[in-house]
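Per TrEMBL, these features apply:
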DOMAIN    1-98  domain 'SPX'
TRANSMEM  203-221  transmembrane segment
TRANSMEM  233-256  transmembrane segment
TRANSMEM  268-285  transmembrane segment
TRANSMEM  291-309  transmembrane segment
TRANSMEM  330-352  transmembrane segment
TRANSMEM  364-382  transmembrane segment
REGION    421-450  region 'Disordered'
COMPBIAS  425-442  compositional bias 'Acidic residues'
TRANSMEM  467-492  transmembrane segment
TRANSMEM  498-518  transmembrane segment
TRANSMEM  530-550  transmembrane segment
TRANSMEM  562-579  transmembrane segment
TRANSMEM  624-647  transmembrane segment
Amino acid sequence: MDLICSLLQFQIEKIVLFLLEQQGLLASRIAKLGEQHDALQQQPDISQISELREAYRAVGRDLLKLLFFVEINAIGLRKILKKFDKRFGYRFTDYYVKTRANHPYSQLQQVFKHVGVGAVVGAISRNLGDLQDRQGSYLSIYDQPALPLQDPVIDSIKAAVDRLTHSTNFLHFLAQHALIMQEELPTAVEEHVDDQRYHFMSLLLNLANTFLYMVNTYIVVPTADNYSMSLGAAATVCGVVIGAMAVAQVFSSVYFSAWSNKSYYRPLIFSSIVLFVGNTMYALAYDLDSIVVLLLGRLFCGLGSARAVNRRYISDCVPLKIRMQASAGFVSASALGMACGPALAGLLQINFKIYKITFNEDTLPGWVMAVAWLVYLIWLWISFKEPVRETQESNIQQESNAEPVENDALEKGLAQPLLLSSEDKQEDEDGDQDNDVSEEAPEESRGPATSIGSAYRLLTPSVKVQLLIYFMLKYAMEILLSESSVVTTYYFNWSTSTVAIFLACLGLTVLPVNIAVGSYISNMFEDRQILLASEIMVLIGILLSFNIIIPYSVPQYVCSGLIMFVSAEVLEGVNLALLSRVMSSRLSRGTYNGGLLSTEAGTIARVIADGTITLVGYLGESKLLNITLLPSLLICISSIIATFFTYNSLY
């Protein structure tokens, strides 16, 4: 290990010394331009001001090259550390970073925190801002930070700095929570193509689809047991009613993911139509007195699940500079929908008839969502813009040319980064993954996975453990939510409105919890520590939920449910953040991508949980709570053991 550290430190030192040299050259050029700037303030000359502005832009373009140099070397260092992690667990990265990141002579700070680059960026931005025509105003960017800098060089530098900055914050945490995977180093051409694809209203429609689908999923939870009984079935059949949507989603995720390779507009149109039909069937089941129609309606709703398209659209069509915000919006829309669904059900406590169609607390969720999807369909048809596809982008790529080299020393340094090229980097990383995969199709060794089987073979042991954790937390959360109406009615005689308020309050904890974890907790503890602590808290919540000795009370149920739900939310965010970092880059694209695998794992967990509720219901409602919690307990213990051995016993 000492030899590895020594060799790696030698390469980092070369990078840092070159970076400092180039920063010095840029600083010298800015200082000379500053002298000219001071002279022009005494005797303004329009032509000289224009020349000076171009000179600052030239420095800015060279700074962009330097930022690109830092970026590819930072990525190279992360990938080298990741390679050792795959062989020795996380011990090497922890050891290397802890012993060097906070050292007073740390050179890692120069690579990962780009120390000194910010001062150069600030000097160029300030001077270009001062030289802009502000209609006689001489306010500095420091006096008026909100003043827009329209110079494209400034915009490019800001985008490069944003891409280079990977500090933990709330938006970054939420973006990883969405598990919208992407390539680590997009080229300038790819960024230009992203701008061509981006359409704000289409992104808004995509997020609206996410929100409505989550509302659709949870709006039936408070009333599903009453609806089942009104059709002659047992109250615990609510598990099948709620879970039917998840069953269909197992299959819809795959075909929607494949469909998104060709179009985004048509899958969303199809999704809206199917969801409109499904909700209409759900609402009509009451007057038809048919549990079959009720279940078919929920199956149709599941067949309209376009979450794979929602994720793929953000990954493929949103520019990198705002992709993190869009990903955070995806998670926020999901959380808001999860809270609004039960809350809306609690408000729909009315009963009337129009002709022979009944509108009551059981059917109104279906009618409200049917109208919502119809309105959304019209909005989608009017406003959505289909992004340009790859065949249309080829002309853009052919027309793009590299800028002429203006700084020979900088260009020579760029020719020798820690990883020689982006293509070599990609081949090097995927080489390790392919050692574990059969060599049936070597020509596709760097391409995306072509089937669920090939995607599964790309999973390392740590990724499999994290998918197990995701399965566990989704199972535990689904048990808590889906059986809440039955359990609370049996033990506490809660009304539908009370159940709805309880579920809505749980949903409203999602964003505050993510803010706390993303902004504070993740800065104080390592992700692995938060992961294990969250699993233990989920276990405690499950144990407290059992009805064993003392009479079951509302405080016990509410507190244990809150502990379980909040801990599972923390666990989900941290788990997906880790998953997005260690999953193979080949799973960041194609039909069978990382987002699809995680969606399938969570959906299957929900299906099994809802099926368990219905099956256990035949034993009686008195035994429902304890028996359905047993699988949650066993899976949680298994995931804790797997986590402990994966992160502490692989070396």
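Here, residue 1 is simply the first one shown, and the rest follow in order.
Glycine residues also receive a Cβ, built from the backbone N, Cα and C atoms like all the rest.
Within the chain, the transmembrane segment (624-647) has long-range Cβ neighbours (under 8 A, six or more residues past its boundaries) at 89-90, 236, 461-462, 465, 468-469, 471-472, 475-476, 479, 483, 486-487, 490-491, 528, 531-532, 535-536, 538-539, 542-543, 545-548, 552, 609, 612-613, 616-617. For the domain 'SPX' (1-98), the DSSP counts in helix, strand and coil order read 92 helix, 0 strand, 6 coil. Below 8 A, the CB atoms of the transmembrane segment (364-382) and the transmembrane segment (268-285) form 3+ pairs separated by six or more positions in the chain. Long-range neighbours of the transmembrane segment (233-256) within the same chain, counting only residues 6 or more positions beyond its ends whose Cβ lies under 8 Å from a Cβ of the stretch, are 216-217, 220-221, 224-227, 267, 271, 291, 294-295, 298-309, 478, 482-483, 485-486, 489, 591, 596, 599-600, 603-604, 606-607, 609-614, 616-618, 621, 624.
Tertiary neighbourhood of the transmembrane segment (268-285): same-chain residues 205-206, 209, 212-213, 216, 220, 227, 231, 256, 291, 293-294, 296-306, 309, 357, 363-367, 369-370, 373-374, 376-377, 380-381, 384, selected by CB-CB distance under 8 Å and a gap of 6+ residues from either end. Taking Cβ pairs closer than 8 Å, the transmembrane segment (530-550) reaches residues 469, 472-473, 476, 480, 491, 517, 521-522, 556-557, 559-565, 567-568, 570-571, 574-575, 578, 625-626, 629, 632-633, 636-637, 639-640, 643-644, 647 in its own chain, all 6 or more past its ends.
The transmembrane segment (291-309) is in contact with the transmembrane segment (203-221), judged by 3+ CB-CB distances under 8 Å for residue pairs 6 or more apart in sequence.
Only residues 6 or more beyond the boundaries of the transmembrane segment (203-221), in the same chain, are considered here, and those with a CB under 8 A from a CB of the stretch are 227, 241-242, 245, 264, 268, 271-272, 275, 279, 282, 298, 301, 304-307, 309-310, 313-314, 317-318, 326, 329-330, 333-338, 340-342, 344-345, 365-366, 368-369, 372-373, 376, 379-380, 383-384, 481-482, 484-485, 499, 503, 507.
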